[in-house]
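*Asks:* Sharing a structure, written as structure tokens. Questions coming.
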Amino acid sequence: MRNVQAQPLVSPTEPMIDPFGRAVTYLRVSVTDRCDFRCTYCMAEHMTFLPKKDLLTLEELDRLCSVFIEKGVRKLRLTGGEPLVRKNIMHLIGNLSRHLKSGALDELTLTTNGSQLARFAGELADCGVRRINVSLDTLNPEKFRTITRWGDLSRVLEGIDAAQKAGIHVKINAVALKDFNDAEIPELIRWAHGRGMDVTLIETMPMGEIEFDRTDQYLPLSQVRADLASQFTLADIPYRTGGPARYVTISETGGRLGFITPMTYNFCESCNRVRLTCTGMLYMCLGQNDDADLRKALRESESDEHLSQAIDEAISRKPKGHDFIIDREHNRPSVARHMSLTGG
């Protein structure tokens, strides 16, 4: 097994700069494509997951993340699937936390559905995780079970409680879905803000084949914002978390509300991130199919220099923006791979 403490990293390099002058400082890593939910907008009910033998080992994920950190990544987010269902995931998180202690990494965080949070919240806090995103689209238990296909809302709420008690700041991510949760969004905002949690609303994205007509789910956030403005006083603020959300404050609740709008108002001009899958494929853009096989470079040499060069070559191909569209005529996704593989 590779000694992650003793293995030297590549020598310091210039920051990763893409062809459009944007520094890449944010890495999102999907540690597994598996999930204990089957959210209707994310994956098919009878999803075929990758064979476990195809996944990078935890040691390989650590090595890849460490090379990216050496090359200028300051924020690392673990995603899935559901990251906390990956076996021995806390071993990886514990090892990665050394980069927080050294000052090489500003933030180690994750996006989770919350189902396993009650179990892991204390350990996450001990590893230096200070912020997490919890995906939660409704506070109605029956609708929650419908959208997740078999999720238990009470477990998620218990997980949020545990995270907050452990001192972790929780942000709620909610996908806005037409005729499903649009009428509930004000209630969700009041509930979250009442507990000191920010909320980010997200437009559904055309990724992966699912059983539903995606055009029936799509709800533009411009419309949601207009509806909210009839109930709340919204004020734009320059607050940023390193991601694509644009934020407002709500006077009536005192909380922050973010909007992620890949369809109606893209966030490409300031994109600072790339995405690594659990099989070692690097996607330079969420909404493009171009990728780079870092697993090959990882396994070809014990030296990190070859891997560093493969990363540089990939970053040189980072596009200016994505190609997301809702194909209303053929109901085809813009990107064939599922979000659960790329990392949500």
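Each Cβ is built from the backbone N, Cα and C atoms, and glycine gets one as well.
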*Asks:* Say Swiss-Prot lists Arg77, Thr111, Lys171, Arg273, Val274, Arg275 as binding GTP: which of Arg22, Arg28 is in the same site, per that record?
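*Replies:* Of Arg22, Arg28, Arg28 joins Arg77, Thr111, Lys171, Arg273, Val274, Arg275 in the GTP site that Swiss-Prot records.
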*Asks:* Among Met205, Met281, Met284, which residue does Swiss-Prot annotate as binding S-adenosyl-L-methionine together with Tyr41, Gly81, Ser135?
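*Replies:* The one candidate that Swiss-Prot places in that S-adenosyl-L-methionine site: Met205.
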*Asks:* Looking at the [4Fe-4S] cluster 2 binding annotation from Swiss-Prot, with Cys268, Cys271 already listed, which candidate in Cys278, Cys285 is the matching residue?
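*Replies:* That [4Fe-4S] cluster 2 site, as Swiss-Prot gives it, pairs Cys268, Cys271 with Cys285.
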*Asks:* Tell me the Cβ neighbour count for Arg275 (GTP binding site), meaning other Cβ atoms within 10 Å of its Cβ, over all protein chains shown.
*Replies:* 22
*Asks:* Taking only the Cα atoms, work out how far Arg275 (GTP binding site) lies from Cys285 ([4Fe-4S] cluster 2 binding site), in Å, as a whole number.
*Replies:* 7
*Asks:* Which state, by DSSP, holds Met205 (S-adenosyl-L-methionine binding site): helix, strand or coil?
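*Replies:* DSSP call for Met205 (S-adenosyl-L-methionine binding site): coil, neither helix nor strand.
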*Asks:* Cα of Arg28 (GTP binding site) to Cα of Cys42 ([4Fe-4S] cluster 1 binding site): how many Å, rounded?
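*Replies:* Between the Cα atoms of Arg28 (GTP binding site) and Cys42 ([4Fe-4S] cluster 1 binding site), the distance comes to 17 Å.
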*Asks:* Test of understanding: give the count of other CB atoms lying within 10 angstroms of the CB of Cys285 ([4Fe-4S] cluster 2 binding site).
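*Replies:* Within a 10 Å radius of the Cβ of Cys285 ([4Fe-4S] cluster 2 binding site) lie 23 other Cβ atoms.
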*Asks:* How would DSSP class Cys268 ([4Fe-4S] cluster 2 binding site) in three states?
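*Replies:* In the DSSP reduction, Cys268 ([4Fe-4S] cluster 2 binding site) maps to helix.
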*Asks:* For Cys42 ([4Fe-4S] cluster 1 binding site), find which of the binding-site residues Arg77, Lys171, Met205, Cys268 come within 10 Å, Cα to Cα.
*Replies:* Met205
